[in-house]
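If you look up TrEMBL, you'll see 70-186 marked as domain 'At1g68980-like TPR repeats'. The repeat 'PPR' annotation in TrEMBL covers 222-256, 257-291, 371-405, 409-443, 444-478, 479-513, 514-544, 550-584.
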Amino acid sequence: MTTLLPPTPLSPPSSTSPFPFTQNLIFNSFSSSTLTCKATNSSFQPHPTSNSSNPTSLITSKNPFSASPDNTLLTLLQQRKTDEAWLYYTKNLDQQLPNPTCLSRLVSQLSYQNSTISLRRAQSIIQRLRHERQLHRLDANSLGLLASAAAKGGHVLYAASIIKSMLKSGYLPHVKAWSSVVSRLASCGDDGPIESLGLFRAVTKRIRRLSNLDLVKHSRPDTAAYNAVLNACANLGDKNRFLELFNEMSEFDCEPDVLSYNVMIKLCARGDRKDLLVFVLERILEKGIPLCMSTFQSLVAAYVGFGDLVTAEKVVQAMREGRRDLCKMLREGNVEEVCLNDSDVFDKLLPNSVNWRDNEPPELSRVFEPNSRMYTTLMKGYMNAGRVTDMVRMLEAMRHLGDSESHPDHVTYTTVISAFVKQGLMDRAREVLAEMVRIGVSANRVTYNVLIKGYCQQLHIDRAEELIKEMIDTGIEPDVVSYNTIIDGCILVDDSAGALSYFNEMRARGIAPTKVSYTTLMKAFASSGQAKLANKVFDEMLKDPRVKVDLVAWNMLVDAYSKLGKVEEAKSVIERMKENGFYPNVATYGSLANGIALARKPGEALLLWNEIKQRCGMGNGEESIPSTGVPPLEPDEGLLDTLADICVRAAFFRKALEIVACMEQHGIPPNKTKFTRIYVEMHSRMFTSKHASRARQDRRKERKRAAEAFKFWLGLPNSYYGSEWRLDSVIDDEYKSE
């Protein structure tokens, strides 16, 4: 079976045009406000909205179900009977749309339920209103709640599209709505942190345009919003933008809290500034900000990330001993590591780190005892270092600690299971799972996903399938990671049909595919030589608004066609890629070159080389393209070696010399032994015929000169022995003779 189930996308508002609102409104209340503000260039005047009617005045009958459909729907919503209200709405789909109050309240309550089904229902209302160009019936509260619920449900791109469309249409969402989307984007992979920064800037830019701050007080960024965008900067390692936003907080009357400095610990870690970690802790103490356990967890995690398990152990041990001189202890082990360079930004973020030798390290205000999360973080360090024995010993020690907060929890046991899976010890990993069941520590979805991955890596797909069923039987619903893992396992055993089956099962269960889901399934079809099906999956990914297609996905499709030698189809994909704003990289060209070699089309190799030559800056005059906006290319050995191989086999010696010159220019040693073997086997008798006519001998004169130059480069007997030659002189002579 190779039929893909129809997707169930959470269709966002159109990205090409704003909501077709009939009014330019800015809503300021995240609660059930009854006033809106009409935007003008100078000021904003509150006025009653069409949604502000008294709900109770709409019910004119003692029996509400004998009243109008709007009254009936509103009554159900007021009684918090959201499911019944939804059913009543669906039964009247063919009739006139409910009034704005009912629609906004229905979307709000569905979003507030925060379940997959309710979220899909709310989005279906958005789809219908957009189709009928009636989205102006919804207020900002309902749209903001939907965006927040979608972000929490993992549909971050959809949530971001709602906030962006609200801004385009004159709506200003509540800070709790837009900051939740910023926070989720900051932690996403790919371009999530960059999108997070962009969304934050878009909202704050709109707020700055307004002179009446009272009207936007519910949308102004708070400390939590700044912490979210600072986290995006930390994930990007962008210290300059971090400093800019950190200083900007005072503009909106925000003060950094302990979470702000926890994020700063991450920034120091990403910036490879282990020496500054202690000064972040000291800065918190100097400013009198109440400490929390998350700060110590962040410190231990940072040291573990640096691979400094000795210092991480010291922190945990000092806390176990009830020591309050933690800063002094960290300073003593930090003296030789303090970096004096690249400190312009960090000097401003941490002014206490400039003349730290002149100041005594502060002490903690009270004793903090390590909890299970800190022990677990240290155990992850042991796992990464391959110290499984130490990790098991710590688990046993945690079990016997008197403090219940330090006892191992499901995260601790999952860490142990991950370590055993990493070592390939699946039986011991299952024993830990059985131990969790015995002592009453519930395994979660992550625990099972780790085990599923372990069995797939060992090609035991049947056992992975059993774990999926076990999850469902214990009331744990598999998520997209569960299915992505087992789909990848099917690829490892060359079972593309099984991969498709699980993909369809995932969507049938209402689990939205991710980019990994699509690309993994594409990999399954590509590896089995079914490029058309891989293309079909790719087209569905393009249509899915929740997924952002990247260069990796495009390259996978190019590779699928290239492996079959379908050069024209691969080139067509590359053209589509360029039309969508993606420039081929080394992997793209490498796949196409392999396809050209497989199809034995050396002429295509010449066209490809001309494009690569321009991207490498080797073009002459107008052939060079640095001013066109196309990024330069840094070729690798695989790409150039494949192209040179094709040209040598096709006797395109002049082009082969250009390619090997490019290889030497980029520090890539050409494989002369291989090219010598190819030449001797295929071309050693070239130009040896004594019966060729004079005209024919003249026509092949240029090719012979290039062949002699290539033989000279290989070190074979040739007419250039005893004289010096250069590639450009050979090419110039050829052009002169043409």
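Placement of Cβ uses the backbone N, Cα and C atoms for every residue, glycine included.
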Contacting positions for the repeat 'PPR' (550-584) when only residues 6+ beyond its ends and CB under 8 Å are counted: 190, 515, 518-519, 522-523, 525-526, 529, 531, 534-535, 538, 541, 591-592, 594-596, 598-599, 601, 604, 630-631
Tally of residues which DSSP labels helix, strand or coil - the repeat 'PPR' (222-256): 28 helix, 0 strand, 7 coil
Close approaches to the repeat 'PPR' (409-443) from elsewhere in its chain (Cβ under 8 angstroms; 6 or more beyond its ends): 372-373, 375-376, 379-380, 382-383, 386, 388, 391-392, 395, 398, 450-451, 453-455, 457-458, 460, 474, 476
